[in-house]
Amino acid sequence: MDLRPFETDNSVSCRLSSQIPDVCQTEDCCLGIDEAGRGPVLGPMVYGICFCPVSKKQELKESKVADSKTLSEAERENLFQKLDEAKSYLGWALQILSPNTISTSMLQRTKYNLNALSHDTAIGLIQYALDSGVQLTEVFVDTVGPAEKYEEKLSKLFPGIKVTVRPKADSLFPVVSAASICAKVARDRVVKGWNFAEDLGEVDVDYGSGYPNDPKTKAWLLKYLDPVFGFPQFVRFSWSTAQTLIDNKGVTVHWDDDDEDGEKAAQRQNNRSMLAYFSSSAGGNDQNPTHRFFTERRLKSLDRL
């Protein structure tokens with residue numbers, strides 16, 4: 001699994017895939033879909049598909065694939081290696097949704113929640129398999145939201161394909177278990193090797209499970225919270241945990257408008273205006289390092305022209 005296309009720019013989403021086995025373009029095939037990393041406040045969410053000929057279902061079952069959440073990291077890696085070696089009849093594809101993509105999607109002006117993003121990603125992966133020539137006749141999906149409605153939605157979009165949507169599908173159908181393993185292995189590798197675009201020095205990687213209720217995760221978020229610019233792109237800033245920390249620990253800023261003098265209005269609220277922030281380092285006395293927002297744009301404060 002070559003993650004370099006995503007690691008080159010982990011602020012955007014990326015699709016990775018294996019080669020399409022020739023047999024999948026000539027025989028009826030089944031496909032499973034699952035995700036990894038839906039709940040964490042840190043790192044990407046990864047959607048995975050796995051597909052193989054219907055005639056190979058039993059062979060896939062005998063490989064002892066299982067729900068990735070029930071396996072250790074070493075077991076998942078070992079099983080992924082076996083899946084990847086079965087390239088003569090089995091293929092996979094992944095959509096890595098960056099934290100930045102997730103948060104900007106959820107906070108855009110037109111409401112676009114995580115369920116809708118998940119549905120669209122799954123639909124895109126099914127369409128990718130079809131466009132690649134995979135002869136799909138069966139699709140199995142781990143549900144997001146009400147299973148019956150999701151199944152009906154997918155059946156209408158892909159007529160002629162038998163769609164089965166179930167809760168815990170990753171423990172019911174081996175082809176979904178295989179997709180779960182692919183997605184989880186990819187997420188684990190991405191998180192472990194995350195390339196921080198921000199200049200954070202030697203980053204503390206002891207951030208716990210990444211879930212919002214984990215004390216280690218909360219401590220890590222607090223440690224790397226910039227009071228003005230927020231969190232590194234490793235963080236899903238749309239999660240309530242991140243938003244609460246920004247509200248409580250971030251610098252309160254008064255935005256100037258046309259109706260009143262910004263600096264005086266800010267002072268009345270015991271606050272700082274945006275102008276004050278930009279002018280604070282003009283004399284060169286600011287001890288804080290310049291944020292990359294400015295260095296990337298070659299911006300600096302001036303006290304005279």
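Cβ coordinates are placed from backbone N, Cα and C, and glycine is handled just like the others.
TrEMBL lists 28-251 with the feature domain 'RNase H type-2'. Looking just at the domain 'RNase H type-2' (28-251), the mean pLDDT is 92.
Residues annotated as divalent metal cation binding site in TrEMBL: Asp34, Glu35, Asp142. All chains included, 25 other C-beta atoms sit within 10 angstroms of the C-beta of Asp142 (divalent metal cation binding site).
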Select the most exposed residue of Asp34, Glu35, where exposure means the fewest other Cβ atoms within 10 Å, treating these as the binding-site residues. Glu35
From the centroid of the CB atoms of Asp34, Glu35, Asp142, the recorded divalent metal cation site, which same-chain residues not already listed sit within 8 A by their CB, in sequence order? Ile33, Ala36, Tyr47, Gly48, Val141, Val144, Ala169, Asp170, Val176, Ala179, Ser180, Ala183
